[in-house]
């Protein structure tokens, strides 16, 4: 009897287990089939492998491979689209809407009325090298947070940026898009934006500053909020191109201390035509001149020889600042951006120098292309942020950067180019210097010798200034002025305002007379503002403090002011002519 009871109990328990297990086995089988269908759908869309492989620690990571056919993330069977602006073509509004175009350009610095007639999902021409279409990339590249900072951006331009990222990124790599609102006051960027992003079901998040912080600090906040392994920063007026993300992530997958930069295409701010900025086979990289203006130079042969293929990434000393990818944890280990930098300007150099000098590297990626709208003008000012510092904010930022990362010799080049910067209060940089010491960072001389060696080819070290300040006429007491013109342009004499800028003139020990990054030259037309000859720091000018003559040594004539016309020219030197006499007045900031 007892044996029969035990057997009956075992049979009941077995039946109960089967009742529980059978549904689980059914669900597992269906999940496996669903997973297979997802992989096949992914393979159809992107040409990628059918099964993902988890990363294994200690196992060498896959590297990109050049293949005969299309690369694994290249889109297949893309149907052509028709409509305004499709394929990146220019779009023009009808003549009766000209007033709308003009009004939106005044408000946004770009033609938002034109943008509003173009699809959020518009196609753009593939501007990549042909070779870029034939790279296979590792499937398990890091999941990415795309961070987009905006302030009073045109709604359609902002959302086209978002849609282009979603439409042209492998789904499993795009972790999230974070829109960081730097205290916008336009109504359509409040409730309308919040409602619009609901369609993305959590993929797109909006966070808002409670006061205006500026681009730099707002980006750092976005990095803090992000949860992806890699963060990609984009400006709020971009359109990413075909297969832009995998080539941007692959170098970081190989080495977490690499920062990658896409090649930037241009989008016209009036008609939204998408077009490449660079020639197809020409590669450029970011450098700088000693006033800390961003410049670009063709990639030197020394760098070209490091690569086997023309479409592979290459090293760059710096970058323009708006668009790049970096491992999130590494970015935070570097201290993110210097919190003492205000609004924008100089953050691209600060991050570049910090990365290179502290053990990382920067690579530009030819197979990653992103279009960027270059505004006609900046439609908003710095607001209350401008009152937080006395003096030009961007120059203050530059001073913080050079005082942290430059050696003494290179600091002098900056102060030679920007003499008034010596008198700016840059704030406390002790934390930045402590970070530099803690990370055991290399010297700036090392950076110039091994990474930015081509800077000297275009921008040699600057000789000291013999004289600087306002160049005043003895006869009229007016000041030499570039008049805000771009070279080539005739210079004039205007009221001395004491603020420097277009009236801040420098004469260096090699005879170069300069205003900002431009040089002062002379010909039959008069005294002209000209582009300085690259690779040179000398000039034809000589100042005699006794006679107050500024002589052109080639023409053997002196700078003169015409008494009647007030025009500037060269004349035969006459020690008794006060219209040929000049004096430099060093100025001090009125900050």
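Any Cβ shown, glycine's included, is placed from N, Cα and C.
Per Swiss-Prot, the features are:
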DISULFID  132-367  disulfide bond
DISULFID  358-441  disulfide bond
DISULFID  479-496  disulfide bond
DISULFID  519-532  disulfide bond
DISULFID  558-573  disulfide bond
REGION    68-100  region 'Disordered'
REGION    141-251  region 'Catalytic subdomain A'
REGION    313-375  region 'Catalytic subdomain B'
TOPO_DOM  1-11  topological domain 'Cytoplasmic'
TRANSMEM  12-29  transmembrane segment
Using other CB atoms within 10 angstroms as the count, which residue among the disulfide-bonded residues 367, 519, 558, 573 scores least?
573
Cα distance, residue 441 (disulfide bond) to residue 558 (disulfide bond), nearest Å?
50
Among 358, 441, 479, 496, 532, the disulfide-bonded residues in question, whose Cβ has the most other Cβ atoms within 10 Å in this structure?
479
Please identify, among the disulfide-bonded residues 367, 441, 532, the one with the smallest Cα-Cα distance to residue 479 (disulfide bond).
532
Averaged over the whole of the region 'Catalytic subdomain A' (141-251), what is the pLDDT?
97
Which residues, sitting 6 or more apart from residue 132 (disulfide bond) on the same chain, put a CB under 8 Å from its CB?
71, 243, 247, 311, 366, 367
According to DSSP, how is the region 'Catalytic subdomain B' (313-375) divided among helix, strand and coil residues?
17 helix, 20 strand, 26 coil
What is the interatomic distance between the Cα atoms of residue 358 (disulfide bond) and residue 573 (disulfide bond), given in whole Å?
55
Nearest to residue 573 (disulfide bond) by Cα, among 441, 496, 519, 532 (disulfide-bonded residues)?
519
DSSP says what for the region 'Catalytic subdomain A' (141-251): how many helix, strand, coil residues?
47 helix, 28 strand, 36 coil
Given residue 496 (disulfide bond) and residue 519 (disulfide bond), what distance in Å do their CA atoms have, once rounded to a whole number?
20
